[in-house]
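Visitor: As annotated by Swiss-Prot, dCTP binding site applies to 113, 114, 115, 116, 117, 118, 158, 172, 181, 182. Annotation comment: Swiss-Prot describes 139 as active site, proton donor/acceptor, evidence class sequence analysis.
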């Protein structure tokens, strides 16, 4: 497997709709206000995706048990805003602004941005498999004993694109993966 460079990412985004909307280059300042942003957009060997304005913040209001086989959404509070406050030692789910369409010979890995990591916020996103498409559901954990703020429409994680040496026998789309074409924040289900 080899990692793909900015020229390839740009070509695939513009000619094949691999990333929509696509920011051609790193955006780190709001063009209207001049305010500094946590960067997003095309980088040398990846693409920094953004958080949308929709969040689900974990809460234990109902004294629930977290069970991935029998998950209930009442463990979350839904928020739509430009920022989200994650309680201490808790987490939030969000989704990307960008919609991704992954080619059959590509697998991605997603790594949290250092700006958030240095604040004790850990981003977890599973790989985008060959021929997966959709908005990315993103998990952000606050490992600190203090509340933490995350920002909508700013960078949260970098997607790295790896080209396989050989084509896979069965793609995510062909095996009818359960998170194919997900819209918005998708909670776990079996």
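Placed from the backbone N, Cα and C atoms, the Cβ positions cover glycine too.
Quantities reported herein were computed from a predicted structural model and do not represent experimental measurements.
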Visitor: Around residue 158 (dCTP binding site), how many other CB atoms lie within 10 A of its CB?
Guide: 21
Visitor: Residue 181 (dCTP binding site) has how many other Cβ neighbours within 10 Å of its own Cβ?
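Guide: So the number of other Cβ atoms within 10 Å of residue 181 (dCTP binding site) is 12.
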Visitor: Name the residues of the same chain, 6+ apart in sequence, whose Cβ is under 8 Å from the Cβ of residue 115 (dCTP binding site)?
Guide: 38, 155
Visitor: Would you give the longest CA-CA distance, in whole angstrom, between residues of 113, 114, 115, 116, 117, 118, 158, 172, 181, 182, the set recorded as binding dCTP?
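Guide: Result: 34 Å between the two most distant Cα atoms.
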